[in-house]
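Colleague: A single structure is presented below for examination.
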């Protein structure tokens, strides 16, 4: 019977080791899931920061280019105005002349007027080109912002899905652990019952053995007493016989 107790004890130790391994695996899985969630969140934050920085750099570049172009246009206007003033002064400093088509000063004034018109047209073209570039930059910034919003929405959806999946897995693991604990409790209760039965059986066998030993001792005592009585009886008979 001690062999049965040893076997039950081995089963109980094996079950405890299995439960410890199961709990260790569960803890490791929780740690890995949490690390993956943290790594994904950090990567998403890095991507978002990169997009924000790119958008900010592009906006700053556009603003800087606009400021530089405006400064260049203003400088060109100032330079042209200064040149026109010098030309006008030079024309008006010439002696008074008769205006006709062959007059070189009149031609010079008309040429000046024509140049001024061309310069204004060129400036208008430059301004129009600058405005178009600004609009293109604004469109590009707007598209980049829209892409950023879409990416952020997508990342938020993915994070939400990951969170939901993680919570579902946690809940499933809790259920599995609870079921395992219930099964373990049932098995432990069964083992306890088996042990109690074994102990009762051992106790009953010990009691039976003790009873048998007592009976055997009683029988030996009775036999001895009977033999002693028989011997006494024989001795008395012999004594009586001698006396006769």
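Each residue, glycine too, has its Cβ placed from N, Cα and C.
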Colleague: Would you please say which range out of 61-81, 82-102 has the annotation region 'Disordered' in TrEMBL?
Modeller: 61-81
Colleague: Based on DSSP, tally up the residues of the region 'Disordered' (152-194) by helix, strand and coil.
Modeller: 43 helix, 0 strand, 0 coil
